[in-house]
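Peer 1: TrEMBL feature annotations, pasted as is:
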type: ACT_SITE; residues: 146; note: active site, charge relay system
type: ACT_SITE; residues: 204; note: active site, charge relay system
type: ACT_SITE; residues: 530; note: active site, charge relay system
type: DOMAIN; residues: 33-114; note: domain 'Inhibitor I9'
type: DOMAIN; residues: 137-575; note: domain 'Peptidase S8/S53'
type: DOMAIN; residues: 362-449; note: domain 'PA'
type: DOMAIN; residues: 644-741; note: domain 'Subtilisin-like protease fibronectin type-III'
type: SIGNAL; residues: 1-20; note: signal peptide
């Protein structure tokens, strides 16, 4: 899935003083949704729901509610922040700032979505191992904040499902019996459609929910490809859906309200395949809600974003969130471009027509005339070009969705399409549901195809459709769109944390695709960190089922320290350029659920362990209090640098001075066990660990160690970064922490 941004051009012109004044006055009187932070209620107001809402209402002007205008007071928050959301004017906010107990008010931000084979690829098998041992996630409730759900899909059948846990207090806003023992709750928090049911008209929420915890559906396929039994990663977990995204995106106030409800309802895992630009954690509804969730023992998994491969493009960077990158499966739906000179280039396409002839057809590059719109096969760009009956080469990008390029080629009479990557997307290709015979090829293949076009007066090509191929040994590979670190909000925490399957993922879809009719079991194949996130949410549910007493930090640690850094060929995982993926792309590595079930040691944190870290970020007392919801005095807290947080990875900025950090590990393996340190030091860095051996006599025993990082030079001045690993190794476990070094 690609995220496209519209660029608006603002032209300045002179306007009269009176018109400017009127415009400013109009803006000040315009209603906007604000998220308002206030102190906890005192005096006559109690913390009970009625008293709490009265306390919040006391900050509003008396005239905010009337029958002639839309509802102004939107949400009264109980768990995520001390505050509320309301539609207010700038003038009303300024008046509110003068009231005792007011802390801050910010206009809400709009967040965006980050949009059969994967259980087996992840080593999860029906009859043995961790999947069976975790009872497939039974008894765990996964909450998803997304676009809603299509409840009639067979992925949400409750066949074989037990009753929801007794702690569940959520509700279902669908009419009739749409909810069941699988889909146990569904609520709508899209403030633009408050009276509608949480039905998914986009498809995104249905896809992510079924990826995390969809029930078994036999004979799943798309266009006859990727045939098999589809299921979520935790097929016996319960699903609760909270619709927060609509046609304009996902409102920050709606996200906080959904968090509030999910915490109250009793979910165990929260999955959010959405995000926005980097922001301080006190001004980020995703981070605020996630902290409230972990305070209640709820694990939170979020997508890293689809703005790669550029650095500093991450969303959802808070250390109490699992931030998930995207990588490939070992499955390809192959479509091969064959040229008139007999050269062949493998690409991908979900649409694989059986009746498409292998006969060579005339080949043309849509951008041969130098027109960029034509090169991208933008809507209407080919109407004056002679493409009828030809294979048309289109460039990927240009803010044109991949399948829309095929629509333009088909409308102009083209017989087929070869879509070639640009340099930024390199080798990352996708199996899309194209509307005509097509293949998506790499940048390198595109260059060779264009060179062939120039080499002959009668270029020709066809597309050979080869169907589903499993066992691609280069998998997993980091895909180009997956957002990269370093983190802007907190450079001292290595992000993303982990990668999981996010390319060409088959999962439930609310309606039949083009040419797929007569089937109730509708599926679609899409890509994005939106798809990798629910995979990790499902893995967290399996771990929660197997280890109900583990904290969210313990589950995260188990996932990170057992991650794979080698592909199926036992070679380092590569990125979209077929170079070794760095830590800012891959985090700790690719998730290995079976290993995560038995990590040996964990790096644990309690919620309030983050307070010294937040003070160390330079946040004010009020800003930290907005996150942790308790009084804080940073001048009296033992503030720590970011890299001192007891995190299962290291991200440090190293200059001429040595840096020393402490870590605490907890034994969750055998009672009597011993570990020795093994170091793969980053280039130009000396790493000293004390002690070099640690011994445990009981389960849950804690031991500490220190790490000293010393700059010893010898690094190319053009390369600011180096990476390595620190491992604690026993006879049965290898507990690995990645090390990322930025040279100052």
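Cβ from N, Cα, C; glycine included.
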Peer 1: Average pLDDT across the domain 'Subtilisin-like protease fibronectin type-III' (644-741)?
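Peer 2: Overall, the domain 'Subtilisin-like protease fibronectin type-III' (644-741) comes to a mean pLDDT of 94.
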Peer 1: How big is the Cα-to-Cα gap, in Å, between residue 530 (active site, charge relay system) and residue 146 (active site, charge relay system)?
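Peer 2: Cα to Cα, residue 530 (active site, charge relay system) and residue 146 (active site, charge relay system) are separated by 10 Å.
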Peer 1: Which Cβ among the active-site residues (146, 204, 530) has the fewest C-beta neighbours inside 10 Å?
Peer 2: 204
Peer 1: Can you tell me the CA-to-CA distance separating residue 204 (active site, charge relay system) and residue 146 (active site, charge relay system), as a whole number of Å?
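Peer 2: For residue 204 (active site, charge relay system) versus residue 146 (active site, charge relay system), the Cα atoms are 7 Å apart.
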